[in-house]
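Structure, as structure tokens:
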Amino acid sequence: MGMSIEQIIFIVLSSIAIAAALGVILSKNPVNSVLCMIICFVAIAGHYIMLNAQFLFVVHLIVYTGAIMVLFLFVLMMMNLNAEIEPQKRNWLKYAGAISGGALLLVLVGALREASLPAINAGASSDIGLISNLGKTLFTSYVVPFELSSVLFLSAMVGAVVIGKK
């Protein structure tokens with residue numbers, strides 16, 4: 001009754017993701033927090049590979065680990081993080097944050113207690129994350145929303161170029 005290789009990989013990836021997420025929260029250095037967040041995103045992307053969702057894996061790596069983390073690093077490098085000028089933190093803010101977080105946790109537990117998950121048919125869902133199936137679905141059932149989103153992205157790129165030229 002040993003564990004399968006998929007279960008072992010899942011446990012390892014989940015442990016890495018949880019440890020890196022704790023590193024994001026507990027690290028005092030913002031650059032170390034960003035690096036821990038990158039590790040967390042890569043571990044989460046590993047879960048997409050296990051779910052046979054290659055497209056989500058690649059998009060997750062490019063968008064989150066690549067673009068957003070580089071943006072966070074630039075923002076952190078531009079910020080003035082001098083400890084001498086840091087304003088005094090109030091203790092009541094810590095308590096208010098802990099109480100509101102606990103209240104949110106109670107609401108989520110109460111809401112999810114009655115929720116039921118649908119049964120997953122392993123044979124039918126083996127090809128869900130494949131890029132070829134995603135392409136077929138996008139260009140048959142969702143052509144109009146796909147083209148509208150491409151026009152939106154094109155106008156955003158043109159706007160960024162126009163703003164960048166000024």
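Cβ coordinates are placed from backbone N, Cα and C, and glycine is handled just like the others.
Automated prediction, rather than curation, is the source of TrEMBL annotations.
Nonlocal intrachain contacts for the transmembrane segment (6-26), taken as residues 6+ away from its ends with a CB within less than 8 angstroms of a stretch CB, comprise 32-33, 36-37, 39-40, 43-44, 46-47, 50. Under the heading transmembrane segment, TrEMBL lists 6-26 (among others).
Taken from TrEMBL, the feature transmembrane segment covers 33-51 (among others).
Under the heading transmembrane segment, TrEMBL lists 57-80 (among others).
The transmembrane segment annotation in TrEMBL covers 92-112 (among others).
As annotated by TrEMBL, transmembrane segment applies to 142-163 (among others).
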Do any residues of this chain, six or more beyond the ends of the transmembrane segment (33-51), have a C-beta under 8 angstroms from a C-beta of it, and if so which?
6, 9-10, 13-14, 16-17, 20-21, 23-25, 27, 57, 60-61, 64-65, 69, 72-73, 76, 129
In terms of Cβ proximity under 8 Å, which residues at least six beyond the ends of the transmembrane segment (142-163) contact it?
none
Cβ under 8 Å to the transmembrane segment (92-112), counting only same-chain residues 6 or more beyond its ends: which ones?
none
